[in-house]
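Novice: From TrEMBL, for reference:
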type: REPEAT; residues: 78-112; note: repeat 'PPR'
type: REPEAT; residues: 113-147; note: repeat 'PPR'
type: REPEAT; residues: 184-218; note: repeat 'PPR'
type: REPEAT; residues: 219-253; note: repeat 'PPR'
type: REPEAT; residues: 254-288; note: repeat 'PPR'
type: REPEAT; residues: 289-323; note: repeat 'PPR'
type: REPEAT; residues: 324-358; note: repeat 'PPR'
type: REPEAT; residues: 359-389; note: repeat 'PPR'
type: REPEAT; residues: 393-427; note: repeat 'PPR'
type: REPEAT; residues: 428-462; note: repeat 'PPR'
type: REPEAT; residues: 526-560; note: repeat 'PPR'
type: REPEAT; residues: 561-595; note: repeat 'PPR'
Amino acid sequence: MYMIRSISVNVGEAILRPCFHGATLIKFRPLHFHGRSSSLRPNDYSLTILANCYYHLNFVDLGFSVLAIIIKLGFQPDIVTFNTLINGFVRTHQLDKAVHLLDKILKLGLQPTLVTYGSMFKGLCRSGDNAGALKLLRNMESYGHFMPNHVIYNTIIDSLCKDQLLPQALLLFKEMKIKGISPDVVTYTTLIRGMCTLGQQKEAQQMLTEMLRNNITPDIQTYSMLIDMYCKDGKMDEAEKLMDLMVENGCKPNVVTYSGLINGYCKSKRIDRALGLLEELNFKGLTPDFIMYSTLIDALCKVNQLKLAHQFFKEMEAHGLKPDVITWNSLLDWMCKNEQIDEAIATMKEMEANGVVPNIITYSILMDGFCEANRLREAMDIFSLLTAKGLHDVHAYTIMIKGFCKEGLLVKADELLKNMEDNKCFPNECTFNTIIRGFIDGKDVGRALELVRLMRSKGFVADNHTISSFVSLLSDPNISDADKAKTLMPVFWNCQFKHACLCEAGKLREALDTFSSLTEKRLLPTIYTYNIVVKGLCETGFLNDAIELVGRMEENGCPPDECTYNIIIRGFLKGKDISKALELVTAMRSKKFVADAYTASLFFSLLTDHTVCDSDRALLQNYFKS
């Protein structure tokens, strides 16, 4: 390296300044050391520029060595020098040191500049210290050094929105306007992004309207975020209207805009419109991005258009976009679901040859395909490979349990369920429903009911498919009526009405008919079972059936108790049938039963309900007087 023999300070500054602004990677050690000789004695300004170069290039230690030279040469560091140091700390994530240095600056009586504060706010917000940023904002105002500008407010608002602290961000936004600091496109776009993240569509649209009213032109990012928000919620008409507005205002849609729309149409299963937008995008000279291709490939696979999916797959590669494991999984999933298991294996090998590593979803897709194709041994081989690698996935376990149940290997399915928790992989609702249906299909009702109780103890419920399997058992001639009445029916009704919305009306009616036939055969349920059924009927709106059942309870030697009356009265109160509810109250009182706290609270709430008619309100008032 050449040694600089003789050069003026001005020339040295001229060399250093462009290096700082252009971030040229030069280490000025020769100039640095030669600066101590009599032939070239740099001033504090030159050394500050040099320190800036080092900090800008993340050579913070070298920057501090320059500070030491400044002091050693007898120069007094000024605010520009300190700004350089603070910026260096912020750039290297040493925020605590930056805060400490700012305190020192204030104690020395130096006045921080907007550059000082700008660096500090950037560092605090980047580290997620919103409280620290807000405290500094208040301190800045109290010191009276500067009024915060829109850049500082934007920095803090952006950080608050990223942490989903939208109410605090809106307070700052309001504060800006009160202080006469005009929000710009960045401010509005930041707030709109925060609202979109939280799904606040109405508020985001209102913010856009305010923006336009204040003659602030939204940019492509603003429009694209709003369009994407509507698309994710399936509101495609609103998204299209917004794109029309965008074009009217002279803002051309880009790939991101089209990507949001195409994704929305794919999720809405309007593939033709998605493909139409792709044509429009190509016509405008825009190139589809990775996300767009992956979205289209997945959507086409789901609607059985594999040929077109393959076409886009090849087109994607032709554009230099390498399909990832998610894209490959879309193809594999279609093949396995369409019984093309051998083609799926070949495709996975091709995927691996292209350097894409299969993930747990890839293996799960293949396992499920093997199980459906009655190739259980191959599914087990993949499962063994996963567990040997320590990959214990609840979905993979559920697939294998389903495979064992399908083959009637219930003991193996049960063993696998028990092994899950041993391996810290806990069964979910789908796992329990899968194995319960397996035992129901295998006519092992006892174990099925044990698993139902275990499932419910963990807070899970039977799904519609499992409920249907239970209904089938209720009409199975191979199961004794006594077992249906004493064991199966109570469990069924508990499951059925815990989440009655999952049940089809036809299945519910079938279950009711079975229950009636059991009581006709004098296979009488207990009061507990009756109350479960009455509650279920009330919760699903079958109030007349509930009344009829309560009427038959006495005939069957199991008279309704206080709990029964409270259940059915609440059913009629929730249905706003006040006269019938009061009629039942009279019947309940005649048996020396009383309304419980919950029932009483429903009566009180109806007194202030504006939807209750005057005649019913009068009935309620008389009830409370009696």
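Even glycines carry a Cβ here, placed using N, Cα and C.
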Novice: Residues sitting near the repeat 'PPR' (289-323): Cβ under 8 Å, six or more positions beyond its termini, same chain?
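Specialist: Counting only partners 6 or more residues beyond its ends, the repeat 'PPR' (289-323) has Cβ contacts under 8 Å with 255-256, 258-259, 262-263, 266-267, 269, 271, 274-275, 278, 330-331, 333-335, 338, 354, 356.
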Novice: Using a Cβ-Cβ cut-off of under 8 Å, list the residues of the same chain that are 6+ residues beyond the ends of the repeat 'PPR' (219-253) and lie near it.
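Specialist: For the repeat 'PPR' (219-253), the sequence-distant neighbours (Cβ-Cβ under 8 Å, at least 6 residues beyond its ends) are 185, 188-189, 192-193, 196, 199, 201, 204-205, 208, 211-212, 260-261, 263-265, 267-268, 270, 273.
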Novice: Give the mean pLDDT for the repeat 'PPR' (78-112) on the 0 to 100 scale.
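Specialist: Averaged over the repeat 'PPR' (78-112), per-residue pLDDT gives 79.
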